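Participant: Positions annotated as domain 'Eph LBD' by TrEMBL: 1-195. TrEMBL lists Cys57-Cys177, Cys92-Cys102 with the feature disulfide bond. Per TrEMBL, domain 'Fibronectin type-III' is recorded for 314-427, 431-526. Annotation source TrEMBL lists transmembrane segment at 536-561. Taken from TrEMBL, the feature domain 'Protein kinase' covers 618-879. According to TrEMBL, the feature ATP binding site maps to Ile624, Gly625, Ala626, Gly627, Glu628, Phe629, Gly630, Glu631, Val632, Lys650. Per TrEMBL, the feature active site, proton acceptor maps to Asp743. For 910-970, the entry in TrEMBL reads domain 'SAM'.
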Amino acid sequence: MIRHTHLYYSLKDVQIRKMCHYSNHKIVCCCLLMLTQWDAITEMDEQNRPIHTFQVCHVMEPNQNNWLRSGWIQRQAAQRVYVELRFTLRDCNSIPWVSGTCKETFNLFYLQTDDPLPAATRFRPIDYAKVDTIAADESFTQTDLGDRVLRLNTEVREVGPVTQKGFYLAFQDVGACIALVSVKVFYKRCPSTLRNLAAFPETVPHMDSSSLVEVRGACVENAEERDTPKLYCGADGDWLVPLGRCICSIGHEEMDGHCRACKAGFFKANAGNVKCSKCPLRSSSHDQAATICHCDKGFYRAIKDPPTMACTRPPSAPRNLVSLINDTALFLQWTPPANTGGRNDITYNILCQRCDGGDSGETQCEPCEPDLHFIPRPLGITGTSVAVLDFAMHANYTFHVEAVNGVSELGVAARSLANITVNTHQAGVLGPAFLGIVKKDWATYNSIALSWSEVQQPHSDIVDYEVKYYEKEQEQLSYSSTRTKFPSVVVTGLRPSTVYVFHVRGRTPAGYTAYSPNFEFTTAAEDPDVADQGQVLVVVTASVGGFSLLVILTLFLLITGRCQGYIKARMKSEEKRTRFHSGHVPFSGIKTYVDPDTYEDPTQAVEEFAKEIDPSCICIDRVIGAGEFGEVCSGRLRIPGRKDIAVAIKTLKGGYMDQQRRTFLREASIIGQFSNSNIIRLEGVVTRSRPVMIVVEYMENGGLDTFLRTRDGQFTVLQLVGMLHGIAVGMTYLSDMGYVHRDLAARNILVDENLVCKVSDFGMSRVLEDDSEAAYTATGGKIPIRWTAPEAIAYGKFSSASDAWSYGIVMWEVMSYGERPYWEMSNQDVILSIEEGYRLPAPIGCPVILHQLMLHCWQKEYSQRPHFNDVLSFLDKLIINPSSMLALVNDAISFPDSPEDMPDYPLFISIGDWLDSIKMSQYKSNFLAAGYTTLDSISTMSIDDVKRIGVCLIGHQRRIISSIQSLRLQLHHIQQSGFQV
Ligand code: ADE
């Protein structure tokens, strides 16, 4: 108290100088400093620029208590406040005669208030809360008395939490030699930013450093939303997990994070982040932000033409129109127009006029008779010829052939016509007219009998008759014909209740007569009995036809060589079937694992095994870790109609390569195949929008290794065995499925709120890139050495037996509360020690029976390691009968009980050898000095004994005691079997 009182008097409330500094991207407050026995001193730096400092250096006098206080600093929007101090601090050793009084630290304090304190308020150190003691780092103040070279220290401390409107900072010197050069007060914030064409405002992170602030972005001008754009502001002022995006509207393109209008001469017809396109040929845009380019005069765009297509125009007229007449038909032929108008959808129409000399001698034209027939058709002809049938004798026909394309209707230009006039009499090939009447004599459901009167020619002139017929409804799409020597015919093979059109003509030695007019007759209605037969017939024909079609198709494919693809496709589906039947659910009824790498397209595996989740159902709360591919977040999955689920979300950060995306999603296609209470459950994936995500159930207690490390000694053995039991359940399931994990370790086990342990981290089972423990082996593979069985390290033999080895290591990790296996030994030493027969000793407090199980898992010969179901039933028994965990030896499963069968564990000859083997050589003299000279003598040592002989570090005490316990076990074995050490 007295010292504080003294301070009141000694505090010089003098305002000295503004010490303002702005950090590069985070707002900084300025503060004014006031001082007592600190002095404001201006020094010169190397460039002779003044440096304003506050200094204190009362190193000769004891009991120093000198305070320097800032002015009131407004908190502004800050939730977490940081102070950066730059100072020099003089090394006490460099000042003679100051030992005892000279200090090398000072203290930082703060006081928060809603308003500045009244000017007359006395400074009371007791009101201030301590932030930290500040010491210099390596760049310790070196005062070279000759040159006065000063080394600056920079220290940053978080102050608070500050919840009131402002605060003061205070510096307490207790006898050091300090020069305070700058005080920078700042808070972190995520700066306003543009991401994915959305603007995000400056955002202050949450007070709670692990929580994220979700911020919705607003699309920049001329952009529109595609999935709500969101970012998350992290505690360090970094933006994380970009979700959703905006895209540039029509007429605008992305440039430097904005949507800029397309320049004149360019256009963009669709929203999206593609560039504006140059106007296509024969079009232009005169204004900015064009969504389409307008066609030049005389050029057009058809309705179905894409905006990117050049404008076109109607074609010119067909060329070289000629006619040919044979005994039955007139053929018109032409060549395509010289100018197609720039399109390739040209067709032709035939327009026909019949022109006869009228009574007045004038030529009169009228449209051709409707029963004139054109083959293939009169309009929309895609070829360059047409056959005309059934025209009258002695007539003049004028044919116009019109070329049209997709924009002909839009063009106002003259029609693209070519004409030709044909006189059918001059052609002289058409025979006499057919003047007879065609009658229907009878009809059944599928036949019609016709007859007609003779033509005018004497009968002997008629060689035969041709009867042409077609279904009226089909409009001559196809017609049939039949011949008869007599003026009657029965036409068969017709459809019931159908109208047919018939016409008949005669053939004479001079050629054909003209066709009779059209006659329409209808078949009878269907006879049900006969119809059934017909249907049966149809069915039989169809199936036989189907088969032959298949044969023909196969032959065709073989001949044309396309068969390869076909067979491959067949094989693929066959393969899939096989994979599914013999792979997924074999006869045993146990599902087996399907390696996603066996899929030609790995995305197919993802589709098969993982549900696609709509990203709008995912709410991200916070970042809980960082994976190789991107942040790992926690959040909730909100599927409508389902209870919300807490989930962990692994994200794939932007800018990934296709291969990375595949590797990332590989994990989902593996986890998606599993369904077991001790395997992490996959909720689904987001693959159709960015970022790509894998969503799994959330495990409240995170990784087992860290979980145990932070709760050292807090669980009962039974609880620990419960965890191991859960892991064994998961591993039994995996090995039954035929899945080899390859990276089983406590860090890859997740723990939920009820201490249920679940096996996780499947993505890297092939490539262990993501595991920081994985090291390269001589063969180039990356392997977590300490957890991996020797045969897997040596020659890559991974199996459920190598997983069993790793399980033994996990047991050891669990029983030692997250201790690192083999401590600080190098990977190389671990490999050599294992090779020499060395095994991890039982952790402190670990029942021997569990250590025996570990040793069993670590058998060199992998076939002798327990299967996971053995491990499981063994642990089941332990849990049912916990007293078994008090027993020392020999009641463990098939543990060798003769020395010949004993695994080759080392028997240390001397204390020195033993300490060397556990890397504790530095304590050799402690043991010897305390009289421990034989292995027998140490076997009874307790932890207190170890402490007493001078082993102070807890880690070393543990290592020594663990090893002693293991040694005790070995001695016990040997003694039991009659051996003497
Ligand atoms: N870290 C990685 N995955 C996790 C999960 N599913 N739950 C909690 N933390 C995790």
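Using the three backbone atoms N, Cα and C, a Cβ is placed for every residue, glycine included.
Those TrEMBL annotations? Automatic predictions, nothing curated.
Fair warning: this is a prediction, and the values are worked out from it, not measured in the lab.
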Participant: Go through Cys57, Cys177, Ile624, Ala626, the listed recorded positions, and name the one with the sparsest Cβ surroundings, counting other Cβ atoms within 10 Å.
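Facilitator: Each of the recorded positions Cys57, Cys177, Ile624, Ala626 was scored; lowest Cβ tally within 10 Å is Ala626.
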Participant: Under 6 Å from ligand 1 by C-beta, which of these recorded positions make it: Cys177, Ile624, Ala626, Val632? Sequence order, please.
Facilitator: Ile624, Val632
Participant: Which of the recorded positions listed here (Cys92, Cys102, Ala626, Gly630, Asp743) have a Cα atom within 10 Å of the Cα of Cys57 (disulfide bond)?
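Facilitator: Hits: Cys102.
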Participant: Would you kindly give the Cα-Cα distance separating Glu628 (ATP binding site) and Cys92 (disulfide bond), rounded to the nearest Å?
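Facilitator: Checking the Cα atoms of Cys92 (disulfide bond) and Glu628 (ATP binding site) gives a distance of 47 Å.
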Participant: Secondary structure at Cys92 (disulfide bond) (DSSP, helix/strand/coil)?
Facilitator: helix
Participant: Measure the Cβ-based neighbour count of Gly630 (ATP binding site), defined as the other Cβ atoms within 10 Å of its Cβ.
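Facilitator: Looking across every protein chain shown, the total is 22.
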Participant: Tell me which residues of the chain lie with their Cβ under 8 angstroms from that of Cys102 (disulfide bond), as long as they are six or more apart in sequence?
Facilitator: Val59, Met60, Cys92, Ile95, Gly175, Ala176, Cys177
Participant: List nothing but the largest Cα to Cα distance in Å, as a whole number, among the residues Ile624, Gly625, Ala626, Gly627, Glu628, Phe629, Gly630, Glu631, Val632, Lys650 that the record says bind ATP.
Facilitator: 14
Participant: Write out how many residues of the domain 'Fibronectin type-III' (314-427) are helix, how many strand and how many coil, based on DSSP.
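Facilitator: Residue counts for the domain 'Fibronectin type-III' (314-427) by secondary structure: 4 helix, 54 strand, 56 coil.
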Participant: Starting from the Cβ centroid of Ile624, Gly625, Ala626, Gly627, Glu628, Phe629, Gly630, Glu631, Val632, Lys650, the recorded ATP site, name every other residue in that chain with its Cβ within 8 Å, sequence order please.
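Facilitator: Residues close to the ATP site, other than Ile624, Gly625, Ala626, Gly627, Glu628, Phe629, Gly630, Glu631, Val632, Lys650: Cys633, Thr651.
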Participant: How many neighbouring Cβ atoms, not counting its own, are there within 10 Å of the Cβ of Val632 (ATP binding site)?
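Facilitator: Cβ-Cβ neighbours of Val632 (ATP binding site) within 10 Å number 16.
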Participant: Express the distance between the Cα positions of Val632 (ATP binding site) and the residue listed as 'active site, proton acceptor' as a whole number of Å.
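Facilitator: Counting only the Cα atoms, the answer is 19 Å.
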Participant: Select the closest residue to the residue listed as 'active site, proton acceptor' from the following binding-site residues, measuring between CA atoms: Ile624, Ala626, Glu628, Gly630.
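Facilitator: Closest recorded candidate to the residue listed as 'active site, proton acceptor' by Cα: Glu628.
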